[in-house]
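> The structure is given below, and queries will be raised subsequently.
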Amino acid sequence: MNIHEYQAKEIFRRYNVPTPRGYVASSVEEAVQNAQKLGGTLWVVKAQIHAGGRGLGGGVKLARSLDEVKAHAQALLGMNLVTHQTTALGTCVQKIYIEEGVEIANEFYLGMVLDRSQELPVMMASCEGGMEIETIAQSAPEKIIKVSIDPFIGFQSYHGRELAFGLNLPQEETQNFIHCAKALYEAYMHNDASMIEINPLVKTKNGTFIALDAKMSFDDNALFRHPEIVAMRDTSEENPIEREASEYGLSYVKLNGSVGCMVNGAGLAMGTMDIIDYAGGEPANFLDVGGGANANTVAKGFEIILKDPNVKSIFVNIFGGIVRCDRIANGILEATKMVKVDVPVIVRLDGTNAKEAVEILKNANIKNIISATDLSDGAQKAVAAAKGALV
Ligand code: ADP
Ligand code: MG
């Protein structure tokens, strides 16, 4: 789950990660009031959408007067902001964040993710603040300083010093930086974040550090421990089909191909996407209907897959381990009565009672339901069907 910058900054403040003062607004009047509340003579008006790259996309504006705050708020609220991380249609800006303007001396990058190869959280820092870490990793990987942190030991000063030395910070600034990095570590660990990022972390003229941007993502499997983070969820930022699927306990991720996939188990779903690719096609989605698939979940699965107009065939690939294949076959037949399925459905069922399942489907004699003999046969038929070839 992702949250907005203003929400991530609320969390930062709880852990003493230094942030500029700021208030969120949903209307122009509120934006101006916020600027008045902040005082001063320099404000930044920032579009709150889940995508990054807002600065380049025109979603971060400096204002030197309340009139300018007003004009920027008017322009940003309700606009579809396009950045390189949004779709070409952009994301509608519903909230803006009014923040005090900070005099920047230097911009850095500081972030944390889980390093799966090390099996440890890793903190990364770079002098190339403002640039995306993925870009630096490709163009100048030596400019990223990384330290792995064993959670049993926790963040220690030597971790911070290693990063500070790597950034060539003068000694008198090291303590400030370490304080910031330690606070970031606590915010990451205590909230079960999967990613936390300050880009840019800026050094002001007097050598203090402050987080100008804030990004956090959370491990969905740990959200039950954090009701206050769940409360920050902004469903308007999520794909509506993915959201509907999650309400029915289905894991669905929309992709760009034409072969819809309905599979039980995440591993088999990944394998199915690979084999579709291998057969020369492209999967339209990832869909894991879970271990206890029945007629209702299969029907919901069809409904969700068919909401995507790119889908030209559906590959049902279910292994009958916990569920028996004959029950799934009956479930598929029942589901086609509940939902109008007008594309070819290629069914590969294997495992317990697979033979009976094939018989059930054969006897039902429905024209667009086609049995596959095995995994590669199923993938080939599904790809051929998606390309309009007779199966
Ligand atoms: P994004 O990463 O989506 O482009 P940022 O929050 O990083 O958005 O803002 C883009 C740029 O705008 C920053 O790199 C920084 O130079 C400038 N900026 C952002 N917030 C402030 C602020 N409070 N004061 C001064 N400049 C800011
Ligand atoms: Mg940024």
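Quick reminder: no glycine exception, Cβ is built from N, Cα and C everywhere.
The structure displayed is predicted, hence computed values, not measured ones.
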> Which residue of N239, N256, N264 does TrEMBL report at the same substrate site as G321, I322, V323?
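Candidate listed by TrEMBL for the same site: N264.
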> Need one residue: from K46, K61, the one TrEMBL lists with G53, R54, G55, E99, V102, E107 for ATP.
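My reading of TrEMBL gives K46 as the candidate in that site.
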> Neighbour count, 10 Å Cβ-Cβ cut-off, for R54 (ATP binding site): what number do you get?
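Within a 10 Å radius of the Cβ of R54 (ATP binding site) lie 23 other Cβ atoms.
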> Should G55 (ATP binding site) be counted as helix, strand, or coil on the basis of DSSP?
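In three-state terms, G55 (ATP binding site) counts as helix.
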> Which one is closest to N199 (Mg(2+) binding site) in space, judged by CA to CA distance, out of the binding-site residues G53, E99, V323?
G53
> Consider the binding-site residues R54, G55, V102, E107 and say which one has the Cα lying nearest the Cα of G321 (substrate binding site).
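Closest by Cα: R54.
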